[in-house]
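Here the structure is laid out as structure tokens; the discussion comes afterwards.
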Amino acid sequence: MLNKEFLRFLVAGGIAAGANFGSRFIFSTFLDYAPAVFFAYLVGMLVAFTLMRGHVFKAQGGAMAAQVGKFIGVNVLAVLQTLAISLLLARWLLPSLGIVDHAEALAHLTGVLVPVVTSYFGHKFLTFR
């Protein structure tokens, strides 16, 4: 699974996350925190879409409007997956295994990592097909 395309996907995601994080500081110079986070998230999504379309999946030939809609859909599912996994692990599975120290951090980390794989396949076979 660690083929070149997946590695490019990871790099693109990292760059997009950096753009999200970094742009929040710029937005915070003239916006309150919550709107700054929101607009920074949009910057990250724009960077991710651009990199994935042009450099990861090389899908410049497809209809952009359809790709944008599918991209948003895959990412909405990823957010829901992150939330579900994080809550399931933090509130049920980890405590039932006796893991209480840092349970929320471990659950959230797992919740963030799992959609990396599912999003890759979603974008590969749906968004940029």
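Any Cβ shown, glycine's included, is placed from N, Cα and C.
Taken from TrEMBL, the feature domain 'GtrA/DPMS transmembrane' applies to 8-128. The transmembrane segment feature in TrEMBL is assigned to 7-27, 33-51, 72-93, 105-123.
Listed by sequence, the residues of this chain that lie at least six past the ends of the transmembrane segment (105-123) yet keep a Cβ under 8 A from its Cβ atoms are 1, 6, 9-10, 13, 52, 56-57, 71, 74-75, 77-79, 81-90, 94, 99.
Counted with DSSP, the domain 'GtrA/DPMS transmembrane' (8-128) comes out as 102 helix, 0 strand, 19 coil.
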